[in-house]
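Copied straight from TrEMBL:
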type	residues	note
DOMAIN	62-507	domain 'Major facilitator superfamily (MFS) profile'
TRANSMEM	62-84	transmembrane segment
TRANSMEM	104-124	transmembrane segment
TRANSMEM	136-156	transmembrane segment
TRANSMEM	162-179	transmembrane segment
TRANSMEM	191-211	transmembrane segment
TRANSMEM	217-237	transmembrane segment
TRANSMEM	320-342	transmembrane segment
TRANSMEM	354-375	transmembrane segment
TRANSMEM	384-406	transmembrane segment
TRANSMEM	418-439	transmembrane segment
TRANSMEM	451-471	transmembrane segment
TRANSMEM	483-503	transmembrane segment
Amino acid sequence: MIVSIKRYSGLTVFVDGTLNRCQVYRQENSEQHKDDAFREIIASCRSLSKYETNLKSALPQILSAIVAASFHIVIGISLAYSAILIPQLELPDSDIPITKGQSSWIASIIVIMVPIGSLVAGVMMEFLGRLNTIKLAAIPCVAGWVAIALANNFTWIMVGRVLTGFACALGTSPAIVYITEVARPDMRGSLISSGPTLASLGMVIAYAKGAFMNWRLVSWICIIYTITPVLLIQLFVPESPVWLVSKGRIEDAARSLRFLYKKYPQPEHTDQPLSEMHLNALLKERETKLAEAQKNVNRHGVQQSKLRGFLKPTGYKPMVILFWFFLIQQFSGIYITLFFAVTFIQDVGTEVNAFTASIFVGLTRFTMSLLNAWLLKRFPRRQLVMVSTTGMAICMFVSGLFTLWIKEGTTTLTWIPVVGLLLYVCSSMIGLLTIPWTMTAELFPTEIRGIAHSISYSMANLLMFFAVQSYRTITDLLGGAYAVQWMFAVVSVIGFFFALFFLPETHGKSLAEIEAFFAGKSQPQRVPTEPAAKPSVTEHLIRSPSREAKLKEVELMLKNKNGA
């Protein structure tokens, strides 16, 4: 029921008291011609809010994202597997005896395969699709677990670790890309974080099984965890409509969109279904990208070199910062305690069962990964890193002190180093473990962001390899577990001052502002324009951060416009 009709500056506004919605119509002399593309969306303010706040409508997207990310469980198991494998192989009655040097290779070789697998995944998911790449990742993963389960010497264990490490990278990148393309904007961050959370769950599974099962049996069981995500993807999840459109498979893209948006109410005042509207938008985006790609190609048909992008302050400064940031992260012991969890706990001399304690380490990581998404959204990056490194330094110093006293026989409180390790893990999850990975893309300008992200990601994994590989050597050089823990504490203190003096703040800043910071400008450079006119009501609705314009706010703007 229309209860009022008001005219303001060429706009006729009908206010429907029953449905509480606002309809904006243009007259012939209206200045809103440029907003035609958004008319269907703006026509119902209430419907627009439903698309962003109704959780039930997003269930197909949530289901698709979580199933696509479920391969991360296998990744978590693979990363933590060395923690349960090495202690069992080092037992006197082990059928495959290994040296300390060989144990370092078993733990670290999986890391060196990540950059290689990431490059291959990048090519495969462009040609085969996001989900097909994840499915293919199961092949080397299953082969790797079989090789480990049937291994009769150190070489075959290494072959299995190489194959599972390659599969980890092959199944990770496509899942993150898929979630980015199918998730609605207000849920994208949370759904992307489901990947690391499921990886943490995989670590818990590995630690728990290793406490009660032989390493060969665990390998056989891991085949089930590898195949299950592939079956779920095949049965329940549609391919990314963005990739399908890029390949010209329009009908398949339409079917995918109909599944992803089947729970959404259809836009009011238009006969076009929501899925069709998204399909048209994807087609338009494809045409735009093709046009942009054409502009980036010079007259000789060769894409302009990106090398000069790395020679600018906006290119080399972020790379230098990330190098030192990852160096501090790796040698603060975060990943060393992950790959050598059981061995690390045994080395401190505690009477607590090392395998049982490792389960609590995994549970702590899993719990904190659930909290981490909220922390990153709520607090500045530098503050989180400083709090994280402070907590890590205190925990490792106290743990190292009690480890020394246990070695000297001057204390019976052998459980304190284990508690210190758990609190150390909590502290690392607050900032130093997670934030460097989030910065690998956002610190770089658009022109080199893709390749710079790949380089920095590979660099981080190489540093992780050297850190994990050198753990046993560092322990022998420093004289024991207590000295290693104090080294972790010292590196954490260095991390605090690094964050205080050198780490740029990116929380709440646009990519343009971050780029301006590295370019030495106080604010992003803007092209001079004419004085901006007072925004129209339609423009306000489009630009509203929440995309939900209340009726009173609209009427107030119209009155102000009329009064002016």
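Keep in mind that glycine also has a Cβ here, set from the backbone N, Cα and C atoms.
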The transmembrane segment (354-375): which same-chain residues, six or more beyond its ends, come within Cβ distance under 8 Å?
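Same-chain contacts beyond the flanks: 80, 83-84, 87, 189-190, 193, 196-197, 200-201, 203-208, 210-211, 337-338, 341-343, 345-346, 384, 418, 421-422, 425-426, 429-431, 434.
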Mind checking which residues of the chain, 6+ beyond the ends of the transmembrane segment (191-211), have their Cβ under 8 Å from one of its Cβ atoms?
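For the transmembrane segment (191-211), the nonlocal Cβ contacts are 61-62, 65-66, 69-70, 72-81, 83-85, 88, 172, 175-176, 179-180, 183, 218, 221, 225, 338, 341-342, 353, 355-356, 358-359, 361-363, 365-366, 369-370, 372-373, 434.
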Could you pull out which residues elsewhere in the chain have a CB under 8 Å from any CB of the transmembrane segment (384-406), counting only those six or more residues past its ends?
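Beyond its ends, the transmembrane segment (384-406) has Cβ neighbours at 332-333, 348-350, 375-376, 413-414, 416-417, 420-421, 423-424, 426-433, 435, 480-486, 488-490, 492-493, 495-496, 499-500, 503.
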With pairs fewer than 6 apart in sequence excluded, do the transmembrane segment (62-84) and the transmembrane segment (320-342) have three or more C-beta pairs that lie under 8 Å?
yes
Between the transmembrane segment (217-237) and the transmembrane segment (62-84), do 3 or more CB pairs sit under 8 angstroms, pairs being 6 or more residues apart?
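Output yes: the transmembrane segment (62-84) sits against the transmembrane segment (217-237).
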At an 8 Å Cβ cut-off, counting only pairs 6 or more apart in sequence, do the transmembrane segment (217-237) and the transmembrane segment (451-471) clear the bar of 3 or more pairs?
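Taking Cβ pairs at least 6 residues apart, the transmembrane segment (451-471) and the transmembrane segment (217-237) are not in contact, as fewer than 3 fall under 8 Å.
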